[in-house]
Amino acid sequence: VLSYRSSHLAGRGIIILSQLLTRSIMVSHKEFETAGKKPGLQAWRIENMDLKPVPKALIGNFFTGDAYVLLYTTPAPSHYIHMWLGDECSQDESGAAAIFATQLDDFLGGGPVQFREVQNNESLTFQGYFKSGIKYQQGGVASGFHHVVTNDANVKRLLHIKGRRTIRATEVAFSWASFNQGDCFIVDLGKDIYQWCGSECNRFELVKASQVAIDIRDNERNGRATIQMVEEGAEPQALIDALGPKPSIPPGTPDDDKVDISNKKKASLYMISDASGSMKSTIVAESSPFKQAMLNLEECYILDNGVDQNLFVWKGPKANTSERKAAMSAAQQFIKDKGYSNKTQIQVLPAGGETTLFKQFFSDWKDKDQTTGPTKAYAIGRIAKVEKVPFDASTLHTNHSMAAQHGMVDDGKGKVQIWRVEGGDKVAVDASSYGQFFGGDCYLILYSYKLGGREQHIIYTWSGLKCTQDELAASAFLTVKLDDSMGGAPVQVRVTQGQEPAHLMSLFQGKPMVVYMGGTSRKGGQAKSAATRLFHIRQSSSRATRAVEVKPLASSLNTNDVFVLKSPGGTFVWSGVGASEEEMAASKHIVATLGGSASNVSEDKEPDGFWLALGGKNEYQSSKSLQKTVKPPRLFGCSNKTGRLIVEEVPGDFQQTDLATDDVMLLDTWDQIFIWIGNEANDEEKTGAPKIAKDYVDSDPSGRKGLPIVSIKQGAEPPTFTGWFQAWDHKMWETDPLDKIRSQF
């Protein structure tokens with residue numbers, strides 16, 4: 001192992017480092033010592049040809065003049081390496097990022113999937129890490145800009161917020177000239193954050209922009225800043241003082257660079273070889289769909305989907321070492337030779353680590369035991385065992401969203417104190433019921449732990465999906481009060497039910513998190529528990545298990561999960577065909593919490609008493625595709641808000657809140673397509689969506705044809721649709737999502 005400090009090589013660094021790559025020398029960098037050791041996201045910036053770590057709270061902020069290397073580690077563990085290039089980064093920096101990415105891949109045994117990401121054109125996998133937005137800042141290391149976690153009141157920047165599915169916040173000139181009526185802007189003045197909304201903005205975009213503002217307050221300012229929503233024409237004096245006299249604001253302009261989902265999606269397959277001394281590519285198949293047998297284990301291949309700005313390199317496990325190591329550089333050369341856009345995404349895939357995007361070009365793809373790489377088989381939980389490997393975040397089944405922003409500070413074995421918000425005050429929760437919450441309430445969770453001999457604190461403010469606006473406001477006030485009483489030292493994290501970060505889940509030390517119906521916010525205080533109760537148990541892809549109380553009806557069941565039914569006639573543990581052992585283990589804890597003993601019931605072998613307790617047998621989510629599919633479900637939004645009908649995929653874990661009520665959404669569950677029509681969608685979206693769904697299936701690169709296309713309206717969703725979302729809430733849209741997020745300001 002050769003160890004070095006590459007900062008000493010700045011002048012000749014690229015040449016020397018690239019020479020090291022061509023030899024079979026394993027290069028170890030001091031930063032690799034902690035790389036991939038625990039689940040979550042790590043990021044480094046290229047500074048003077050060396051790797052410098054980005055503070056955890058600032059991962060998701062990128063200087064446009066720089067290059068970065070990011071590593072995402074799943075609990076399996078499996079790894080994704082991303083090389084991110086800003087629009088203004090130098091060739092030396094992008095070259096160094098490529099070399100460090102290759103060395104990191106080598107250090108991790110050649111098993112990671114590698115991605116080349118370009119500003120404004122990142123892969124869905126990458127976008128999925130940052131559900132509250134990717135932020136682009138002007139400048140870079142060459143101009144003296146550094147990543148610093150700050151409570152500095154002297155910040156002065158303007159962020160332009162774009163995107164409905166993927167939010168991008170780009171720093172623009174601090175001037176009224178940067179504004180337009182069609183978008184949201186964030187005026188960040190340090191202690192005061194103003195979210196300015198153009199008169200043409202719609203409600204869904206306002207909600208998304210609010211997430212960015214909340215993220216800046218919580219992560220960059222450690223919760224110590226105030227947010228104010230400002231509508232165009234009602235600007236406060238403080239904003240005028242900062243930006244100067246306000247001129248007339250121009251109207252918004254549509255995004256012309258969006259690609260329609262029915263794009264050609266055709267690809268070609270090439271074999272690459274260095275047998276002649278230099279890298280050569282030979283055509284294997286002119287057009288997709290391909291057969292899996294075309295991939296020889298002793299070779300490397302390029303799957304060319306350049307028309308969609310995608311390029312894949314597949315590394316055979318028995319290919320020679322120099323070919324495997326040169327995979328990324330071969331793909332970059334291929335892009336140049338073909339004259340493709342420099343925005344083209346590259347994925348480098350080891351055998352066994354193929355992403356969904358890659359597999360869709362093969363008509364007969366079969367995964368051997370769904371392994372995380374050439375050797376290790378690992379079955380993760382969730383939605384439908386849909387993908388036994390968390391090997392592609394565009395699968396939408398690895399919950400990166402919070403992990404990317406709030407990493408695991410420790411193992412969760414520190415001191416925990418929990419209070420419930422009652423009548424505008426906080427009331428201590430008995431330690432014996434820690435981990436049990438009411439969906440109609442808000443809670444404060446204070447976590448204290450030692451770091452480097454010093455005591456550190458995190459305040460998690462948890463809000464149930466059914467809590468009242470008054471309680472949300474009270475919880476925010478009580479959080480500030482608790483923070484002040486501790487000298488402003490704690491980190492504040494606001495959490496919504498179902499979005500709990502991995503670290504918060506770890507506080508319950510392996511027990512499932514339980515969410516009961518009801519809460520103290522109901523008139524007359526805590527409602528008495530019903531005689532018959534049903535709990536939905538599901539393990540997420542981050543291996544955290546939740547038990548959520550749902551309506552005790554047969555239609556609430558899901559073939560893929562475990563349910564505990566407590567009734568006067570007895571307690572039952574019902575296991576669906578696709579349920580996991582971990583979910584069954586969690587059911588024992590729920591039974592113990594509810595009291596008594598339970599009978600185990602398998603799906604299709606239920607006694608009459610079971611159906612009687614649920615009010616009779618009824619249709620529920622029993623789609624066989626939930627149990628057997630190896631293709632993950634995908635969710636898309638269809639919108640003509642920009643002037644023409646475009647389709648975008650929802651990145652990361654998708655949830656009920658991703659269904660935009662002013663759009664039409666497509667849910668692809670592999671054996672059928674759902675068209676979900678939001679109540680506020682316009683006529684063009686409603687009439688255009690069925691054609692888009694048909695084009696989507698007809699242009700599918702794996703050759704799917706004639707799938708059923710099911711149209712459903714908001715508020716009338718059948719269980720075959722709602723089963724893809726955990727703990728579906730039929731009353732969710734009764735509360736305005738904008739009011740809900742404003743209450744977090």
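Quick reminder: no glycine exception, Cβ is built from N, Cα and C everywhere.
TrEMBL labels come from automatic prediction, so no person has curated them.
Keep in mind that this is a model prediction, so the values were computed, not measured.
Noted in TrEMBL for the protein shown:
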type	residues	note
DOMAIN	50-126	domain 'Gelsolin-like'
DOMAIN	166-239	domain 'Gelsolin-like'
DOMAIN	283-358	domain 'Gelsolin-like'
DOMAIN	426-505	domain 'Gelsolin-like'
DOMAIN	647-721	domain 'Gelsolin-like'
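Per-residue pLDDT, averaged over the domain 'Gelsolin-like' (426-505), rounds to 85.
Stretch with the largest number of CB pairs closer than 8 A to the domain 'Gelsolin-like' (647-721), among 50-126, 166-239, 283-358, 426-505: 166-239.
Scored by C-beta pairs under 8 angstroms, the domain 'Gelsolin-like' (283-358) has its highest count with 50-126, from the stretches 50-126, 166-239, 426-505.
Per DSSP, the domain 'Gelsolin-like' (283-358) is made up of 26 helix, 22 strand, 28 coil. Per DSSP, the domain 'Gelsolin-like' (50-126) is made up of 23 helix, 27 strand, 27 coil. Here the domain 'Gelsolin-like' (647-721) is broken down by DSSP into helix, strand and coil counts: 22 helix, 18 strand, 35 coil.
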